[in-house]
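Some notes on the structure that comes next.
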Amino acid sequence: MRPDFGVPPQAASADAAAPRVVMSEADVSRALRRIAHEILERNKGAQSLVVLGIPTRGVALARRLVKVMAEVEGREVPVGALDVTMYRDDLRRNPTRAVEHTDIPAPGIDGRTVVLVDDVLFSGRTVRAALDALSDLGRPQAVRLAVLVDRGHRDLPIRADFVGKNLPTSSAERVSVRLAEHDGADEVLISGGERR
Amino acid sequence: MRHLLSMRDLDRDGVLSILDTAASMHDVQRREVKKLPTLRGRTVVNLFFEDSTRTRSSFEIAGKWLSADVINISGKGSSTSKGESLRDTVLTVAAMGVDGLVIRHGASGAAAQVSQWVDAVVVNAGDGTHEHPTQALLDAYTMRQRLGDLEGRHVAIVGDLTHSRVLRSNLICLRTLGARVTVVAPPTLMPSGIATWAATDGFETAYDLDEVLPHVDAVMMLRVQRERMSGGYFPTAREYTVGYGLTRERLARLPEHAVICHPGPMNRGLEIAADAADAAQSLILDQVSAGVAVRMSVLYHLLASSGAGTAEGSVA
């Protein structure tokens with residue numbers, strides 16, 4: 001049994017199971033503002049950028065990022081959605097998933113810097129699928145990755161360029177990103193597993 | 001859902017899930033690179049014991065665009081023409097390790113029978129005068145693209161109901177989606193027992209097309225199957241057109257927003273006038289293009305996950 005320093009065993013197990021907030025609404029908002037600034041700084045402005053969110057929550061995050069960019073730069077950055085369901089390598093191991101829409105903004109992605117946006121970076125398989133999907137759509141000049149939470153446990157050599165929060169987790173834990181657009185509130189929760 | 005044998009295999013959520021996925025597949029059709037890696041390493045056999053260029057080629061393209069290996073076997077050149085039974089032909093094909101069998105056969109119930117002999121996923125691509133579920137799905141998809149939600153919409157299905165395999169699947173599909181359906185045909189081409197059937201599935205029957213037309217949101221013209229007309233169903237082609245053809249005059253009586261469907265191939269001048277087939281309201285070519293997207297969606301839902309009954313959750 002795991003030692004619980006000074007905490008009564010019953011209370012500890014109840015506590016470990018209960019979800020706890022690791023990012024509040026203010027934290028999420030601050031992280032997104034910072035990421036938007038970092039993207040613009042790295043790209044030396046908003047020219048030739050295209051921001052693509054990975055459904056479902058990545059799309060909402062992508063829209064928020066371009067909103068901040070528009071405030072800073074005074075120009076609209078094209079934003080869209082990139083569904084990667086059909087490119088996943090674990091399709092056979094899971095029940096069929098619903099396919100979401102892919103929406104590539106009018107200028108396309110050829111020769112542009114594409115910023116992929118997702119809520120949580122975990123195994124890296126979603127990002128790998130996204131890279132495959134992108135290569136079927138055109139040839140970007142560069143592809144960058146922005147995530148709200150990097151929780152570690154990568155299966156593939158993939159690293160995010162822009163991270164809202166690095167969150168050390170155990171693989172048994174569950175990280176849930178809740179956003180106002182889908183869940184009525186902004187917060188990041190961690191639940192289940194043993195706390196590190 | 002393990003196989004797609006009948007429209008009754010799908011509940012409302014199942015139908016909507018297939019139609020929504022088809023919309024994403026339709027987007028893929030507009031891309032420069034139309035290939036998805038989804039069914040890489042899977043083998044699909046199109047086993048067509050009856051001719052059907054349209055259905056067979058759209059299943060073939062659908063499978064190929066999903067990266068499956070697709071093989072076509074037609075009844076004519078195969079061992080069935082040498083006297084082999086359906087069961088032996090199917091077992092031989094299945095023994096080669098195929099994952100999916102798309103089957104078209106002249107006998108009603110053939111696909112359901114085949115699904116009991118093999119482990120592969122079976123898709124019914126038309127069995128006799130029984131069902132043709134992917135056609136019904138693509139018809140619903142096309143109408144939905146133009147009309148939006150079909151709940152409460154009024155659809156008339158007109159023509160040779162007796163010999164149609166499209167009718168039954170379409171009735172079930174449209175009723176599942178909450179549409180109101182009226183079937184219209186001359187008494188000789190109205191299937192026997194239609195009254196009982198109409199009561200069970202909740203649709204209406206009519207014999208006067210002109211009375212129905214002004215109240216519909218969609219009219220689906222069925223082909224007069226001349227090859228199945230052994231005579232006696234109607235006196236002359238001219239008389240059929242006067243009573244039940246979608247002529248230029250009737251086209252004018254359709255509400256402005258109403259759409260025209262036809263599962264093809266058309267007998268221009270018989271059940272549908274050229275003016276109607278080529279009208280702005282006609283969805284006939286959209287139906288063909290939707291056929292590939294809908295079949296991609298069906299193959300995805302049946303074959304993407306590891307088979308046997310794993311598709312629950314999205315498809316009933």
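Placement of Cβ uses the backbone N, Cα and C atoms for every residue, glycine included.
Curation does not apply to TrEMBL; its annotations are automatic.
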Annotated companion of B:Arg54, B:Thr55, B:His132, B:Gln135, B:Gly264, B:Pro265 at the carbamoyl phosphate site, TrEMBL, chosen from B:Arg30, B:Arg87, B:Arg104, B:Arg238: B:Arg104
By Cα-Cα distance, the member of binding-site residues B:Arg54, B:Arg104, B:Gln135, B:Pro265 nearest B:Arg223 (L-aspartate binding site): B:Pro265
Cβ neighbour count within 10 Å of B:Gly264 (carbamoyl phosphate binding site): 15
Rounded to the nearest Å - Cα separation of B:Arg165 (L-aspartate binding site) and B:His132 (carbamoyl phosphate binding site): 6
DSSP-derived class (H/G/I helix, E/B strand, else coil) of B:Gly264 (carbamoyl phosphate binding site): coil
DSSP three-state assignment for B:Arg165 (L-aspartate binding site): coil
Secondary structure composition of the domain 'Aspartate/ornithine carbamoyltransferase carbamoyl-P binding' (B:2-145) [DSSP: H/G/I, E/B, coil]: 69 helix, 27 strand, 48 coil
B:Lys82 (L-aspartate binding site) to B:Gly264 (carbamoyl phosphate binding site) - Cα separation in whole Å: 31
